[in-house]
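Database features (TrEMBL):
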ACT_SITE  K8  active site
DOMAIN    62-138  domain 'GHMP kinase N-terminal'
BINDING   P90, M91, Q92, A93, G94, L95, A96, G97, G98, S99, A100  ATP binding site
ACT_SITE  D132  active site
DOMAIN    195-269  domain 'GHMP kinase C-terminal'
Amino acid sequence: MKIEAHAKVNLSLNVVRKRDDGYHELEMIMVPLTLHDDVTVELSEQDSYSCNIEGLAIDESNTVVKAVKLMKDTYGIKEHFHVHMEKHIPMQAGLAGGSADGAAVMKGIHALLDLKVPISELSMLSKQVGADVPFCVYDTPAVVKGIGEDVTPINCQLDFEILLVKPQEGVPTGKAFSMIDFQTCEHPDYRKVQHAMETGDYKAFCESLGNTLEQPAFQIVPLIKDIKQELLGMGFDGVLMSGSGSTVFAISKNHALIEEAYHKYDKEGYFVYKTKIIG
Ligand SMILES: C[C@](O)(CO)[C@H](O)COP(=O)(O)OP(=O)(O)OC[C@H]1O[C@@H](n2ccc(N)nc2=O)[C@H](O)[C@@H]1O
Ligand SMILES: Nc1ncnc2c1ncn2[C@@H]1O[C@H](COP(=O)(O)OP(=O)(O)OP(=O)(O)O)[C@@H](O)[C@H]1O
């Protein structure tokens, strides 16, 4: 069984506060993109894993291995699985590549064995794999709260194109959270983005994008800020860093502008990808 594991961007990311357990309470709007890894889940003689790229550890730290173990332990599954990952989503990118793969494995096992578990239960369970996984299980535009486990699907009445631009250097998620300066950081209002999406107000939508984690990520990888400024200067309607970075996404309805920027960043050696929201 082959499952598309979609990348995401955060259209709004407000870090509300640091919790006592060290994690941060968030308010976010998250959307899945057409960019995806392909994850194949099949019954096998023993649990085994493969991947199209070298250098990705396939051990207990991998979201795919965690997801198989979690499903087997939770539902008393005796069968074994082979999981193959065809990775296209870059890593340390703020695009939830690892999280999407973990969610795809959970959904693959669920479908293969016809478990009939409600999606809300699968999503809640999946937070043990990672903070972004509950959203990836739903795989639809959503308001996401808590540390990522509280997912409410929303409608998007807007149609536009997205260009992803990622510098080589990534941002470690934990480091970005630890460097937030709560005295000075931005607190974007996700309700404005939600309202604009639901009413199809493109101008208000572009004006209300925001991400608390831009401030620390700009310190860790200054090039992210330069890319954002450059894309705004080129005439994109909205530009924001996704998640903890280092991907910057740029929004436009002008296909020629998307093509122009695509070729510019491709030539300069960045990861660059033309995409759209799903759902
Ligand atoms: C920044 C986001 O991408 C927004 O979508 C996610 O919240 C990050 O999700 P993720 O990569 O699945 O995160 P995890 O692998 O669970 O956490 C990585 C590290 O980020 C920090 N972390 C993550 C999520 C959160 N709500 N608060 C945190 O402080 C913690 O130090 C954690 O050890
Ligand atoms: N299946 C996987 N695919 C990619 N990376 C994985 C996977 N499992 C574990 N990892 C590890 O987790 C790290 C973070 O995952 P990834 O880079 O996909 O997330 P991210 O881009 O930081 O997304 P986000 O923070 O938005 O969830 C990687 O650098 C890698 O070491």
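Backbone N, Cα and C atoms are what each Cβ position is placed from, and that goes for glycine too.
Mean pLDDT for the domain 'GHMP kinase N-terminal' (62-138) in the predicted structure: 97.
In the structure shown, across all protein chains, A96 is the one of the binding-site residues Q92, A96 with the greatest number of other Cβ atoms within 10 Å. Among the recorded positions K8, P90, Q92, G98, A100, D132, the residues whose Cβ sits under 6 Å from any atom of ligand 1 are D132.
Closest to D132 (active site) by Cα-Cα distance, out of the binding-site residues Q92, G94, A96, is A96.
Ligand 2 lies within reach of Q92, G94, D132 from the recorded positions K8, P90, Q92, G94, A100, D132, judged by a C-beta closer than 6 angstroms to any of its atoms. Q92 (ATP binding site) falls within neither a helix nor a strand when secondary structure is assigned with DSSP, and so counts as coil. A strand conformation is recorded for K8 (active site) in the three-state DSSP classification. Between the CA atoms of G94 (ATP binding site) and K8 (active site) there is a gap of 8 Å, rounded to the nearest whole number. Each of A7, I89, G243 belongs to the same chain as P90, M91, Q92, A93, G94, L95, A96, G97, G98, S99, A100, is absent from that list, and has a C-beta within 8 angstroms of the C-beta centroid marking the ATP site.
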